[in-house]
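Summarising the annotation, TrEMBL assigns peptide binding site to Gln135, Cys136, Gln137, Pro267, Tyr268, Gly269, Gly270, Met271, Glu272, Arg551, Met552, Lys553. If you look up TrEMBL, you'll see His288, His292, Glu311 marked as Zn(2+) binding site. Residues annotated as active site, proton acceptor in TrEMBL: Glu289. According to TrEMBL, the active site, proton donor annotation covers Tyr376. Positions annotated as domain 'Peptidase M1 leukotriene A4 hydrolase/aminopeptidase C-terminal' by TrEMBL: 456-595.
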Amino acid sequence: MCISYGDSCFTVTIWGKLEVVVLVVVDTVGYPNVLPHFPFSLISLSLSPSYHQTLDTKDLKVSKVTANGQAAKFTLGPKHSFMGTPLEITLPFDLSRGQHVIVEVTYETAPNASALQWLTPEQTAGKKHPYLFSQCQATHCRSMVPCQDTPAMKHTYYAQVSVPKELVAVMSAVRDGEEPDPQDSSRAIYHFRQPVPMPSYLIAIVVGALESREIGPRSRVWSEKELVDKAAYEFSETETMLKTAEGLAGPYVWGQYDILVLPPSFPYGGMENPCLTYATPTLLVIAHEISHSWTGNLVTNKTWEHFWLNEGHTVYLERMIGRSMESEQFRQFKAMGGWKELQESVNTFGANNPLTNLVPNLNEVDLDEAFSSVPYEKGFALLYHLEELMGGPEVFMGFVKSYIQLFSYSSITTEEWKHYLFTYFKNKVDILNKVDWNAWMHTPGMPPVKPQYDTTMADACIALCKRWGDLGNFSEGDVKTLSTHQLIEFLSLLLQQEPLPLSHVKRMQEVYQLNAFNNAEIRFRWLRLCVKSKWEDAVPMALKMATEQGRMKFTRPLFKEVYNFDKYREEAVRVFIAHRAAMHPVTANLVSKDLKVDNDKST
């Protein structure tokens, strides 16, 4: 694979296993002119007066750098354990202000590039063709493209992708046509353009035997043909959610909103790549990813310490969409579930762990290891608390919409957000000054204030949970009256308690037949509950779920649960090692640490 990319201005080359050739033209200022030299060319862009350019790289083998066709000096700095290696480029001539320069970097990526996952035909649904997908968040783009790999920098881009004609390419950009490759009749070239500035972590490319179905006036769902019709059905409410979000947050500026259903090894439930949301078969509701079109993609955290600005606001907007489409009680119910997820993350990290700060210090911290529900749910809890103080959801959503409008196309910090909060609510500064900002932002553990949520929908879950303190009279009707969301909440409540006696989980299966549920959120919690209670029959089912899909939210806790069952600790390690090669690199790395597996010996 070859990709050309420019932040201030440069071109790059990557080779990979699918013989995919990609030219990506990136401009931090505006839409650039594209030079005809393909595939090893790029653009003219304005550089700063400095004739030095430092780019982030990770495991890239750089062979040549030129500037306006002249050889340029370059050096690779010392390698950092997880941040990679700086690439320092020195131009062979002096620059004048406003001068345009074409910088070209020729390199190869490593076979284990952390941004790229190459699937064999056997790892796909169709079993006939290989498959490539990228995942750059948070700092993996540098393993695919030399770049300034920080959310503080935003750029537009244009791309040409040449692939074998039996395959299809899609990117985090608007599709701009396709044509036969004039240099090779067995290949096709796909064109893409992304005119809205975005950070490097949102660059995405997928190549596979893909088909699509229209699901709305500006949306298509993409997948392998074996899954595409089911996916089109699952995501049929996309346009309704988009319109609801626009009513809350303002116009959708990205043009196309497509959904790509990835093979199950993708480590996250979804990823909000502009114009191409990633989803896995385990993700059935995309209100969160839609919300990112405003909070995260349009207004972005300047550094990853401020990740809560992306995720807390997105959860808030997601739940406001749920409020509009369902009810206020539904929003309250989902908020209660989020509080429990936050409690679980705090328990996992430890209540004094600084990574549970809303604004943590991430110096020398591997961002993959810092990932948790804290920025999502602690961030939401703060926004909900402020909503209560400022006058309710309509009033506070007015602030959120105004905040999005003011900071659109920008990357900001918590201080900038807070300053605007005080400016917008200038008549309520006395109330805002009473908020314990240090406790919310810079103190580990649970928030200083626990919101009082409406428990209407939760009461039935709580009552059923309490009944299982004893082996009383139970029937299938206990769960028939619960919604899917309530059943998930019931199991979550049980997980927060001491493990149930083995007799209780066996009885629960006998009465409710929970093994037959295919909903991933239900099945995940049920299998964890069984393994915690040391039901040996559940171990193979838990390991099966942990390996059949690669979503870290499910895979890591399931492996850890089995690992903590002493009798099956070695089995957990054995199964992980057997399936490691099929996992996403980020997932495999973190599970190996969870199970204390030596990375060098597990391959």
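Each position is counted from 1, following the chain as shown.
Every residue, even glycine, has its Cβ placed from backbone N, Cα and C.
Sequence features, as recorded in TrEMBL, placed on the structure.
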residue	record	Cβ contacts under 8 Å, 6 or more apart
Gln135	peptide binding site	Ala115, Gln117, Ala204, Phe266, Pro267, Tyr268, Met271, Tyr278, His584, Val586
Gly270	peptide binding site	Thr277, Tyr278, Ala279, Thr280, Leu283, Ile286, His288, Glu289
Glu272	peptide binding site	Leu202, Glu289, His292, Ser293, Gly296, Asn297
Glu311	Zn(2+) binding site	Gly296, Pro375, Tyr376, Gly379
Met552	peptide binding site	Pro267, Tyr268, Phe371, Val586, Thr587, Leu590
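Long-range Cβ neighbours of Gln137 (peptide binding site) (same chain, at least 6 residues apart, Cβ-Cβ under 8 Å): Tyr201, Leu202, Met271.
Within the model, the domain 'Peptidase M1 leukotriene A4 hydrolase/aminopeptidase C-terminal' (456-595) shows a mean pLDDT value of 94, rounded to a whole number. DSSP places the residues of the domain 'Peptidase M1 leukotriene A4 hydrolase/aminopeptidase C-terminal' (456-595) in helix, strand and coil in these numbers: 103 helix, 0 strand, 37 coil.
Around the Cβ of Glu289 (active site, proton acceptor), the number of neighbouring Cβ atoms within 10 Å comes to 25.
Excluding His288, His292, Glu311, which define the Zn(2+) site, the same chain contributes Glu272, Glu289, Ser291, Thr295, Gly296, Asn310, Thr314, Val315, Glu318, Tyr376 within 8 Å (Cβ to the Cβ centroid), listed in sequence order.
Most Cβ neighbours within 10 Å among the binding-site residues His288, His292: this distinction goes to His292. Cβ neighbour count for Tyr376 (active site, proton donor): 23 (other Cβ atoms within 10 Å of its Cβ, all protein chains included). Its Cβ placed at the centre, Tyr268 (peptide binding site) has 22 other Cβ atoms within 10 Å.
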